[in-house]
There are 4 protein chains.
Amino acid sequence: MDWSSDLRDLIETRRELHAHPEAGWTEFWTTAYVASSLEDIGYSVSVGKDVIDQSAIMGRPDDVDEHIERALSQGADPLWIDKMGGYTGAMAVLDTRRPGPVVAFRFDIDCVETIEAEGEDHLPSREGFRSINPGCMHSCAHDGHTAMGIALARRVMSMKDRLCGVVKLLFQPAEEGVRGGYAMTQKGLLDDVDLFVAAHFGMGVPTGTVISGTRGFLCTTKLDVDFKGMGSHAGGEPHKGKNALLAAATAALNLHAIAPHSGGVTRLNVGVLNAGEGRNVVPPRASMKIETRGETNEIASYVYDRAETVIRSSAEMYGVKWETKKVGEAVTSSSDAELMATVAGLASEIEEVDKVGDIVDMGGSDDATWMMNRVQQRGGKATYVIIGSDIAAGHHNDYFDFDERSMLIGLKLLVGVVAKAAGVV
Amino acid sequence: MDWSSDLRDLIETRRELHAHPEAGWTEFWTTAYVASSLEDIGYSVSVGKDVIDQSAIMGRPDDVDEHIERALSQGADPLWIDKMGGYTGAMAVLDTRRPGPVVAFRFDIDCVETIEAEGEDHLPSREGFRSINPGCMHSCAHDGHTAMGIALARRVMSMKDRLCGVVKLLFQPAEEGVRGGYAMTQKGLLDDVDLFVAAHFGMGVPTGTVISGTRGFLCTTKLDVDFKGMGSHAGGEPHKGKNALLAAATAALNLHAIAPHSGGVTRLNVGVLNAGEGRNVVPPRASMKIETRGETNEIASYVYDRAETVIRSSAEMYGVKWETKKVGEAVTSSSDAELMATVAGLASEIEEVDKVGDIVDMGGSDDATWMMNRVQQRGGKATYVIIGSDIAAGHHNDYFDFDERSMLIGLKLLVGVVAKAAGVV
Amino acid sequence: MDWSSDLRDLIETRRELHAHPEAGWTEFWTTAYVASSLEDIGYSVSVGKDVIDQSAIMGRPDDVDEHIERALSQGADPLWIDKMGGYTGAMAVLDTRRPGPVVAFRFDIDCVETIEAEGEDHLPSREGFRSINPGCMHSCAHDGHTAMGIALARRVMSMKDRLCGVVKLLFQPAEEGVRGGYAMTQKGLLDDVDLFVAAHFGMGVPTGTVISGTRGFLCTTKLDVDFKGMGSHAGGEPHKGKNALLAAATAALNLHAIAPHSGGVTRLNVGVLNAGEGRNVVPPRASMKIETRGETNEIASYVYDRAETVIRSSAEMYGVKWETKKVGEAVTSSSDAELMATVAGLASEIEEVDKVGDIVDMGGSDDATWMMNRVQQRGGKATYVIIGSDIAAGHHNDYFDFDERSMLIGLKLLVGVVAKAAGVV
Amino acid sequence: MDWSSDLRDLIETRRELHAHPEAGWTEFWTTAYVASSLEDIGYSVSVGKDVIDQSAIMGRPDDVDEHIERALSQGADPLWIDKMGGYTGAMAVLDTRRPGPVVAFRFDIDCVETIEAEGEDHLPSREGFRSINPGCMHSCAHDGHTAMGIALARRVMSMKDRLCGVVKLLFQPAEEGVRGGYAMTQKGLLDDVDLFVAAHFGMGVPTGTVISGTRGFLCTTKLDVDFKGMGSHAGGEPHKGKNALLAAATAALNLHAIAPHSGGVTRLNVGVLNAGEGRNVVPPRASMKIETRGETNEIASYVYDRAETVIRSSAEMYGVKWETKKVGEAVTSSSDAELMATVAGLASEIEEVDKVGDIVDMGGSDDATWMMNRVQQRGGKATYVIIGSDIAAGHHNDYFDFDERSMLIGLKLLVGVVAKAAGVV
């Protein structure tokens, strides 16, 4: 097989996506781009409200309408924007009408809120595909994932007469902050899936290495807290205030003092705290951005429950109202050994792969776990594959860049999964 | 008049009392001593349960029975101990059966929990009347007040044929921690009083000066808090504990951060915090001794209410049970101008007095305020007099000692009040 | 005398100023407006760097150049802007060349950072002179003070042949945050002054009442704190971070727990705390806006010194660098009885005045105190006068508006002071 | 071999020891008892200062002299007491003068500070060997360890003609709080050892099971902190105090907020906090008992260093002096596979053993690790064996009791180790 045009397409698509990064739930340009591409290839495509359970959405920002305007001004197809109904994400399905397994892939499409580096040292800047959206950057390789998904769509379509069963390509919004995976899962998109593969570039693994599975995802919850107290003149009437800043400070300290759990790793971070209005006013409001993590659901629940208690008590201590909002959540999961073996076998036959690794500990979080668990619960098999890629700087860093050749390795692997599932190879 | 034998008696009595200091609600030896002395002089004396409203008691310790044994072993008269019924304090009444005002005096009889200094530098030690009760010391001059009360009883009895109305001498237990004044007031002892005088030696005023009145007593509440959590092995099962130490630490910090009140002075002190059991055990218990103060009842309530909220929220933050117990309370009060003028006039005629001062700001608390307020509410007049006295070290210090000559000044003044009230002078 | 044109002028000038509010150190339009007006009247006018000791400036923002541009675009005279040399404030001097006292008046010219209310309920909005500078509003009557200063300049010039001595009119920048008074004082402008008057409208006093003096200004210091720690991935490498948010939270709590002072009122407020960058990053930075106050210089120093210790220790506790910057400061002061009597006498003769009050307790801060103290130190007399004014909403509130008629009362009073000082009346 | 008399002796010795529990560094009765017994058997015995490096002692109490008196009054041999020179612990050595390995065993001899349960439910009470030392109890089976050591001494002596090399029996003081192991190691007692075995009864393993090795000891440091501030009257002069209680509370909270380490488990516990003197006094002193733990030396150092910083900064924040004292320390260690295999083989041949387990994770701390590491550093082999034992209640609980039959299993195992080392079996 000749893959040289695939690599050219991959790079071109990736760079187009890289220049148009969009943060979670605002991927209107990206969704329109993906949907157009897939439709052009010949897929039936669903977008937005048709692939998202709105009641299961977490952490969606308030300024979605402005992003729709922006996307349109950047050339997004108004017809697709209209179909989305205000929500992002897409799914392409190829139903062969022949008996066979349902095989699904997850590609995450959102970017990180990073200000992209400039200058000759940074390839996207040097080569002219740096982000046009200030404060937004594809610094976690989701542009690569999405490009690989479109390339896979093209290859799968070209094989369609030899395949059986169904192939589903899921383009998930809002993976950063683990906000979108649950809403796609709750929409039922995974309910009929037999084989599920998510893939991620990099993750500390070099180009040429493939890791066939992952375990040890930390369960995590992202929550926003708002405290609402009462202002008063700090010199003249200090006793009349209800001090939201001190409530938040007390919460922050005591949240970090939550006892560890003997059953495994726990984490908690108050990442952001903003409080107060004027220097001489008892601070009437405060807000915090928090994340909790635990090695298992039980441990994560322990941390989260303790956190809620600390927040509530801190607010009550200062007579302050509070509101907590869950803005992201992911669970733990593990890859299936059988599917890992299949992937490992396929990987070892790829020319550019020089090493196939065993399962690794994630030590982080990804909301593809909701999808993996849903598939496993009904008897399907799932894995989360790491496609090694040399990177220019750490994930989320403003100089992040991955090795574009790894996209071809990933593509070959996923094409292999489809072929294997259909019994073609 | 010849007062030389009065001074001898005052000194002798004071030193006997000084050697037998007893903390609040455990003044069994002292009460028996006072009662015997007054009965010998010819008074009808009530003690213990007959002068105390048991439902209004605050901060009474649990080991009262042991103190009864101690008092007996130190020579307290068993008959008086028996009459007390477990409660301390005494009242002597002289009813002239002639129409006239009811005049009452308050003498506080308890000591401070201080370890008395030893050595030649400390007069009570040098002269051989240092405390025989370890950890107990008359370091606030209540021994002097009590001696003055007994001496007054003697003088009054000797004048009885020239007097009219009623004279009441109240020997109040548990002034330290403001625990006993309310219980005597609630017993109704002040309900018929027309003129009320409490007096205190020292208070930063030198021998020879008399201050005729006081205002600005801080309202205060003393409270004990107990936190009950759950222990667990700090290394092996840290998440199973409910940490009472951290609840108390959080409470302490946030109590001290209670906002000041623009209406006047506020004070709060966590004076004692004890928590934990073993180094490697999540601390299952903690206790705190706290006092709150405010310049007015409203301000004091503000501080106390805020304190309760902070305590409750700190406990809830750590899933810890808590109990707060009010163990002392005093209100604010002010001396009456008319009675102050009378006192000032009498004081200016005393040979040893070289200066008579106006009203001063107390800046502290005394539960004689309950009595003052009760008298004033029914139309009587009350004042709190400062009898200047050179002191060897600050009140409550282990080297505290006052100038015994000030007792004679005080005695002359109070005799004057009685005489004036009866129209004798 | 006919004052009707004065009132018309006062209102017109005040409304022009009200529409052009500028925050401390950015009053370029205002300074140019004042300087032009005074020069037109016939004064020799100094501005900016000639009235400000640059080494004594506190709390000057970084974006001064942008405000110069803004002021120019709003019509400020480029010649005046040029003379200012980047600094605001103005002084007009009338030297009669005849022997006599040096009389000085302070008018503050800056606005508050408030978003001004809109709509029919708010007179400046209804009458069309609402702020044209978003986020800036004359909500503390400094527009009125400044208008009164210009009107006074006109009246004084018309009296010049009958006057003796010198009249100085100081238009002070940056009174809000007590930032500018010290820099004018350090420039030496008050060093030859015999009589000094500052005046403020409103302050809880109704139209028609004049208060001849003030005492009990709280000493205050405004300080900004920056904490600089180190970020790290909160899930993956929590131990590598240096948590600036927790340093700030610890500081905030312990700052508010600074013990009160028995010598008088203390105040401390952490008005603003902003910390952190991303939810999953150990917070690498934090900042706080703080103010400390005390009833005397000694008490204020106690609070400030304790605050510095708490801030330094909190930073060190988390291995975080810190920087504190004094951005404002004012001292305490009291009006002179003699000058107050003069003012009271003059006020009682004003037709529109129905009540003349005694000295009042300020309970707040104003950096005119630097000027008062400088004058008093060299034997001069100073007072801070309250010109009662009915207000629509509290000072600094977005609906604040004062009774414009009070400007005429103030003008008459200050004209009287000048006349009296010259022996004219 | 007949072991029935061994079991009788073990039980008798253990019960004698159980009745005389002594806390770390005060085991004078126990040391004298052990030394007498070993000397009677025929050993050359060193005690106290001859087995302890005094400069390496941690956590020795101040009242040692009183415990010497107590031990003498309970029948300790004055000659042994004299030889100890104020220090506890003993070593018996059998040197066969034939070439062969040096084999050493560690037996810990101190008790826990627990008030032993009373009544029929508790076997030591029912059978009459409950603790005679109030507040002291063998609730961690060290009485059994010591009895096993003496029994081993007897068996070894009886085999002496068939043995080669050297056998060393170490009776270590102060294992609780990990205070004594380092001082014995630093004395050089382990410097020539080839094979080292420590054994512990129970640890969650039932009678009949033997675990041949242990890993994952947490490195730990025990530290005491004293804060010394300055008292002052909380109502009258709050600003004059230096509040040690608030320093300690701030330390406690921030110590528990020390960030976890991504390299492995960390633990910190403030187990005890005592602060303050009187309710109305700004607390002049506070003390804390703390322990820090980490999975490796690096991680443990991280926690300890952070703890020191937090303590120092908290003290400085309140102007309080502080002193930290290291009162215990243990490192991590792992059993050697080879020696574990030997032990496992021997255990499997013991009649009463029904299960031999692999290495287990300790999850706790024991200062035998100092000895293990010293032996391993010079090429020797070491292991820490768990001798299963059914227990009546958890270790350190007041109802703790172990299955005395496990002592015989342990004895057989250790005799086996000696024999195997000498090539006898």
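Each residue, glycine too, has its Cβ placed from N, Cα and C.
A TrEMBL annotation is a machine prediction, not a hand-curated record.
In TrEMBL this protein carries:
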- C:C140, C:H142, C:E176, C:H200, C:H396: Mn(2+) binding site (BINDING)
- C:224-313: domain 'Peptidase M20 dimerisation' (DOMAIN)
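Features recorded in TrEMBL, as mapped to the structure shown.
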residue : record              : DSSP class
C:C140  : Mn(2+) binding site : coil
C:E176  : Mn(2+) binding site : coil
C:H200  : Mn(2+) binding site : strand
C:H396  : Mn(2+) binding site : coil
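Comparing the binding-site residues C:H142, C:H200, C:H396 on other C-beta atoms within 10 angstroms of each C-beta gives the minimum for C:H396.
Other C-beta atoms found within 10 angstroms of the C-beta of C:E176 (Mn(2+) binding site) number 25, with every protein chain shown included. Taking a C-beta cut-off of under 8 angstroms and a sequence separation of 6 or more, C:C140 (Mn(2+) binding site) has the following same-chain neighbours: C:C111, C:V112, C:E176, C:H395, C:H396, C:F400. Taking the domain 'Peptidase M20 dimerisation' (C:224-313) as a whole, pLDDT averages 94 in the prediction. Residue counts of the domain 'Peptidase M20 dimerisation' (C:224-313) by helix, strand and coil are 33 helix, 32 strand, 25 coil (DSSP-based).
What surrounds the Mn(2+) site, by Cβ distance within 8 Å of the Cβ centroid and not counting C:C140, C:H142, C:E176, C:H200, C:H396, is the set C:D108, C:D110, C:C111, C:V112, C:H138, C:S139, C:A141, C:E175, C:H395 from the same chain.
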